[in-house]
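Q: Below you'll find the structure I mean.
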Amino acid sequence: MPRDMAQKENKMEIRTPSQLTLPRGPSPRESMRIHVCCFNPLGFVNELYVDDPDKDSGGKIDVSLNISLPNLHCELVGLDIQDEMGRHEVGHIDNSMKIPLNNGVGCRFEGQFSINKVPGNFHVSTHSATAQPQNPDMTHVIHKLSFGDTLQVHNVHGAFNALGGADRLASNPLASHDYILKIVPTVYEDKSGKQQYSYQYTVANKEYVAYSHTGRIIPAIWFRYDLSPITVKYTERRQPLYRFITTICAIIGGTFTVAGILDSCIFTASEAWKKIQLGKMH
């Protein structure tokens, strides 16, 4: 073998292990730097307990409702509220507005009101209208139904607007709709100790045609609710420093372990290749 070719072959043998021992990915120092950049020092602790978390609310829950009825005039749309404490309010109008849709054919109802912390219902209907229509059309789209404070926290996922986007435009126009809600109190406490009180809820629904005692069909959109005794609490806490250090050590150790395995495999393959080239492997 010529001398220059032997030197070239020796250079290849020397370079191969050193080039491939540490893989083409980031070095241990680079891995640590990447992890530090992506490390989120904040975490959440979840708790479940039985209690009324918002004792300063006066036994009330704030409700926000936004619903469109594209085939019912605004003068016919009303909100009624009932509960087991004897409340019976027909045509609630405080903090609400009606926006005409489809050149006045339909209506969008937006309202903020409060309910007592007892089982009850609120419903959108024509009950408060001065004259009942012959064929009220209760097809609708629910844009928003939420309870309590609106949590502006991206890492907390839950059913705070479970009915948002519910579309019943293809339903029977004369059908009533029952939405049965189980409301779950939810507390969010940030790292400064400030608390916000919201409510998640689960929902089941049914659709049916209801007749009055006179034989007329008077449909409505019912939201029947009950409160869960279980409270969910999210507490924001800063991750302890030792957990961060432990994670960094694990990354560094794992990187070197993988590098060692790769080095061993490449070295073994290189030795086998040299034996084949020299005719020593049978």
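We count from 1, first residue shown onward.
Using the three backbone atoms N, Cα and C, a Cβ is placed for every residue, glycine included.
Quantities reported herein were computed from a predicted structural model and do not represent experimental measurements.
Positions annotated as region 'Disordered' by TrEMBL: 1-28. Per TrEMBL, compositional bias 'Basic and acidic residues' is recorded for 1-14. Residues or ranges marked as domain 'Endoplasmic reticulum vesicle transporter N-terminal' by TrEMBL: 47-89. Residues annotated as domain 'Endoplasmic reticulum vesicle transporter C-terminal' in TrEMBL: 102-263. If you look up TrEMBL, you'll see 241-262 marked as transmembrane segment.
Quick one: where do these features end up spatially?
A: For the domain 'Endoplasmic reticulum vesicle transporter N-terminal' (47-89), the model's pLDDT averages out at 94.
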Q: Excluding the flanking five residues on each side, which residues at least 6 beyond the ends of the domain 'Endoplasmic reticulum vesicle transporter N-terminal' (47-89) place their CB within less than 8 Å of a CB in that stretch?
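A: Sequence-remote neighbours of the domain 'Endoplasmic reticulum vesicle transporter N-terminal' (47-89) are 96, 98-102, 104-129, 133, 136-150, 169, 173, 183, 185, 187, 195, 197, 199, 221, 229-233, 235.
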